[in-house]
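Taking it in order: structure first as structure tokens, then the write-up.
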């Protein structure tokens, strides 16, 4: 397996020059665009890796399935779906999903910014500090590391460049979907996006979802199986932004990307995969990362279709 | 003339029950929906009136042509048009005029909220307090009353129910069109919307625009004629929200309505008209007010077409 | 006057190189882009002209106000407005004004293709041949020439390149707004667009509208004054495609342009103006033509604002 | 298995009254809305069924994956994706996926009408008759019945009520995506939608896709495995109209519905399922059919997530 990962990594390295690192906040633009790493954790706990798989980066949109999972745990699936929908929007992740007079909950989903912001308001807690701490605890279990922290520089950078997210949040508030203080909600969201992980953590999270809620090492259940199926399904249809349809055809597994260049992929019953390569395509997905997953899927017949 | 106004007012009174007062902020919903008043000031300074023409109400969207005028005076027409467009948007006044990735300045104009918020940032002044004081001075000249004040209750109500406007402002900021602090800009905008006037003041403002910048009493010029033509033209195409086309056909004169129920109308070279009747149609225009203007236009051949 | 026209024409000639002739059908692309002509007919019948004012070209969108006028004469204003709206759409002339499930009559108006196609179905006649003959008769009166014909080459070119208009017509049919045979309706529309005129004809048509329905020579009324005001008003708000707002500010008179490069302008009570210059801007309006009208408006104070 | 199917069928029968049969063409509205049938064919060829599983109905949108498959066989995946995209559109199946000036191939996919019409033009054949015959042959193999015919009444009804599809096709033509004669292309499309099948045929088709291109009885390959994965993936993300996201969560398998009330479902490596129940929800999917699939998925752990 290690040999295979090394070979595919070398084959995909040229693609790191075919995209560019996110630059909407200065902190992300500082990352080395030539980095490339992959980490695989099998359902039974076997680890394999290659390349820059221990470099730290922030979760960004990859925190969205975690926000969804915590909101599902706290409220149940019905309550979530009454607030936001689950359909692909056919639009970029930060789109203004509003018509002239209406904001249709069916056009928001937990994998786009609007929906993820709503998830923050659905996590239980007496304060936003408490909500965030509960999210951190779940995140720690998912990535298999309870020492995770947030990247302060990225967090502050997000916070000071967050006009688009503020617009989305105030729009939600004007339509009565968000009731709490916008700045407090967004602070929680910006902190969540700034949680620092590495490929190993992403692979661990993928393995927990692949095992439908059980930890790969101990097999201990940390959340019910139906919630894993829920999250995996929405990752399949909406996890790769408006590139999800093509990813389903080319790779064929549930996955979530982030603008930091990470991809967290789930091969149900088989393995979790973590990828890092910050050069992005126009949709915000890692170019070399998708290519690597495509090759891995072909070699190991990972597609679920 | 007084007799004519009295007669038309009685004919139109039934229409005050055909709409409903704005209720998006509690303060506006408190107004008496059966009120109806009209005030006319001829170009040579003759005053005529009927009904509830001295009841106070707030400018709301009728401050938009004043914001535009001040911005034009401070920056010139070219600078304004490089920031926002002048085309009708085909959408409601508070529409999100943004596509997925773009916010096209051609789809914003000074008569919709987004454009009016931008105008606030273009008014000169070392602070937003100074900008607002300059706007108040111009407004005082236009409405012929330098003792005007803002309605504190409406202002505070606007400020605490302003999520949609905050969304619009942060959207402008995220696209680099608005650079100042959003809350400071919006505070200026909310105050401007809360300036208190009556039908007499609107008629005076209409008369100044009809006289292309000269006061109706003294004939003293307070702004250049081309700016009056500029404002009158944009009132014609965009002044009555997305009911401007029908208003052009039925009434045929430049006018601006506000959700407080006022209409400020301009009959170039002939007169200014101020109307007040808070019961609104679905587009946000005064029902009885439009009907009264239509009849007045037919009786006095006011249409410029 | 002639001297003025000659001077302005020379000043505007350089603008003929700043645009390009319409090329969506081959026939229009054959026209000489450097042509420039202007013709003015005063309300009392005085004629003045300069440049290429007798070159023939097709009405194209300039037939839209004639279709509207005939439909108004045959059905009255109420019937027309129940079918299509009068608001500016904020979109290009051939836009698909339909949402996912709805086609809102308020988003169509007689100055955009969809609305003009509907007008064809509202003209009275036992056959489309008879409808077209009635339209030709009205057009002949308006342009002051009962020998007008259609340009066969343009007509056939429109007909064979008419996929977009077919899409619009079938969309109208699918929403129940158009009931007749699509090809028959479109044949009428394509023929109407292909009627051949010159600047003199446009100026005559403008003069009739300026005189609110009376012929400039004989003063004979050919349609009621309120219909002229109706047409002039809609020209003001929607006559220059999505450049109508800027035209209102820069020129300030009702006008209708066509992709053939013509502009028919109305100065209420004063004059009609016909312009020809086939080099168009991106919105489909004649570049030199608008510039010439702007200068003429400044020299003669034509703006109605 | 049969017992399970019978029991679930009874549990789901009440849902047949919770929707209504499609009525956009009169022929479909004639169907008995209380019908409910299910048919399962395992990968190894075992058949099980319950209810009205041999009632005939038309393929409608369920022909879309067959059109895609034939186009893929004739052109390869690259050629298809250069013509149309594969992303979910976030819109209803017959949406006008066009902006003002552009029609973006990325916003069309083979599971919405526009994309399916394009597929017709990509099938090889010297005439549209030959193309259709090739499609019929593939369809016969997929549904395991080479005696299938089209339902003439439905075909003629589609053809005479096809304004919306004509609008879509002319829009494609106006953007250069469709080059052939629109009526010829649509005739092929309407015939394809009118092919008559039953639950058994759908189950057979599902089994072939589940077996990634091999017939369930003989195990004979009729198309390459990668094409099956391609089709299954696009069914997962776009097969149930704009209800695909919720279907992924609730049922978790690739499937395609049609407005006739059929659903063809694929459980990769395990089975094909055919459902029939003509009462539809607002998105055009069979109400009882989805409910039955949901229960079956829970009982047999069919979800691939």
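A Cβ is built for glycine as well, from the same backbone N, Cα and C atoms used for every other residue.
In TrEMBL, annotation is done automatically, which means it is predicted and not curated.
Record check: TrEMBL places A:61, A:113, A:165, A:189, A:241, A:259 at the substrate site, and the matching candidate among A:158, A:179 is A:158.
Annotation note: residue A:259 (substrate binding site) sits in a coil segment as assigned by DSSP. All protein chains included, residue A:158 (substrate binding site) registers 25 other Cβ atoms within 10 Å of its own Cβ. Just so you know, of the binding-site residues A:61, A:113, A:165, the Cβ with the fewest other Cβ atoms around it within 10 Å is the one at A:113. Other C-beta atoms found within 10 angstroms of the C-beta of residue A:189 (substrate binding site) number 27, with every protein chain shown included. All protein chains included, residue A:259 (substrate binding site) registers 23 other Cβ atoms within 10 Å of its own Cβ.
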